[in-house]
Amino acid sequence: MKLGVNIDHVAVLREARAVNDPQIIHAMFEAVSGGADQITIHLREDRRHINEDDVKNIINLSPIPVNLECSINSEIIDIVCELKPHRATIVPEKREELTTEGGLSLDSLNLKNVISKLNDNDIKVSLFINPKKNDVIMSKELGATCVELHTGAYANTFLMLNSNLNHTKYKIDNLNLKRGELEILLNSELTRIKEAANISTNLGLEVAAGHGLNYQNVTAISSIKDIFELNIGQSIVAKSVFVGLKNAVKEMMELVK
């Protein structure tokens with residue numbers, strides 16, 4: 001199992017004061033020192049954290065592959081084609097969201113053209129999708145070589161079942177259920193991910209997973225044999241506040257491997 005470390009939240013901290021501290025390149029090298037297999041970053045249309053200079057510097061200096069998350073916005077795709085990361089993961093994007101809220105809608109008329117353009121520029125293409133059979137099949141038909149399964153529903157259910165989240169202002173209202181119901185739902189979400197991963201592998205797609213994964217919930221996902229890579233960010237950066245980024249990555253690597 002490989003670990004992609006998303007360092008977007010280091011850039012979020014930098015932008016909180018609009019100064020060049022902490023430096024994103026320093027974060028990249030700390031993640032590498034901790035054993036990361038890949039650096040993941042998201043160049044959003046609103047540039048709320050990562051910007052073009054960050055992307056260029058990380059791609060040029062990273063000793064490990066760079067996975068660049070992006071929307072299908074034409075300006076963004078042109079930047080991706082120019083900078084040529086190892087992989088481009090196409091994600092849905094809404095300006096009002098705090099983070100990516102769900103998998104891609106695969107019925108966009110422009111999506112196939114974007115995938116073709118990225119392939120023509122020798123960039124591996126992954127689609128960030130919900131763990132559904134039809135989405136996996138469509139991803140293959142559209143020309144993707146990889147899918148990243150959205151683990152947000154699993155992660156949210158796990159949190160509501162196994163933490164005090166329900167007693168905070170961050171509780172998830174639609175998951176305000178009895179423990180027995182949450183346990184059934186958690187098993188259902190895990191089964192959905194396993195089945196989607198298996199279908200993907202059978203179709204010849206590489207399978208990654210991510211969103212909301214942390215030190216408590218990652219083991220069940222990392223044990224799925226059809227998944228070859230996990231992309232994890234916020235929980236690692238949060239842990240790094242107390243133990244340092246290198247050590248935070250090391251701890252996650254121990255769980256993932």
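Note: Cβ is positioned from N, Cα and C throughout, glycine not excepted.
Noted in Swiss-Prot for the protein shown:
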type	residues	note
BINDING	N6, R17, G212, G233, Q234	3-amino-2-oxopropyl phosphate binding site
BINDING	D8, H9, R44, H49, T99	1-deoxy-D-xylulose 5-phosphate binding site
ACT_SITE	H42	active site, proton acceptor
ACT_SITE	E69	active site, proton acceptor
SITE	E148	site 'Transition state stabilizer'
ACT_SITE	H211	active site, proton donor
Surrounding CB atoms that lie within 10 Å of the CB of E148 (site 'Transition state stabilizer'), all protein chains:
31
Record lists N6, R17, G212, G233, Q234 as binding 3-amino-2-oxopropyl phosphate; longest Cα-Cα distance in Å?
26
Count the other Cβ atoms sitting within 10 Å of the Cβ of N6 (3-amino-2-oxopropyl phosphate binding site), across every protein chain shown.
25
When you put H42 (active site, proton acceptor) at the centre and draw a 10 Å sphere around its Cα, which of the recorded positions N6, R17, E148, G212 have their Cα inside it?
N6
Taking each of the recorded positions H9, R17, H42, R44, H211 in turn and counting other Cβ atoms within 10 Å of its Cβ, which one has the fewest?
R17
Starting from each candidate's C-beta and looking 10 angstroms out, tell me which of the recorded positions D8, E69 has the most other C-beta atoms.
E69
Cα within 10 Å of H9 (1-deoxy-D-xylulose 5-phosphate binding site): which of the recorded positions H211, G233, Q234 qualify?
G233, Q234
I'd like to confirm something. Which of the binding-site residues, D8, R44, H49, has a Cα closest to the Cα of Q234 (3-amino-2-oxopropyl phosphate binding site)?
D8
If you measure C-alpha to C-alpha, which of H211, G212, G233 (recorded positions) come within 10 angstroms of D8 (1-deoxy-D-xylulose 5-phosphate binding site)?
G233
Closest of the recorded positions to R17 (3-amino-2-oxopropyl phosphate binding site), Cα to Cα, picking from R44, H49, E69, E148, H211?
H49
Long-range same-chain neighbours of G233 (3-amino-2-oxopropyl phosphate binding site), Cβ under 8 Å, sequence gap at least 6?
V5, N6, I7, D8, H9, T40
I'm trying to understand the geometry here, so how far is the Cα atom of R44 (1-deoxy-D-xylulose 5-phosphate binding site) from the Cα atom of E69 (active site, proton acceptor), in Å to the nearest whole number?
8
Under 8 Å Cβ to Cβ from H49 (1-deoxy-D-xylulose 5-phosphate binding site), same chain, six or more residues apart: give me those in sequence order, or none if nothing qualifies.
D8, H9, A11, V12, R14, E15, H42
Only counting partners 6 or more residues apart, tell me which same-chain residues put their Cβ under 8 Å from the Cβ of G212 (3-amino-2-oxopropyl phosphate binding site).
T151, G152, Y154, A155, N156, L159
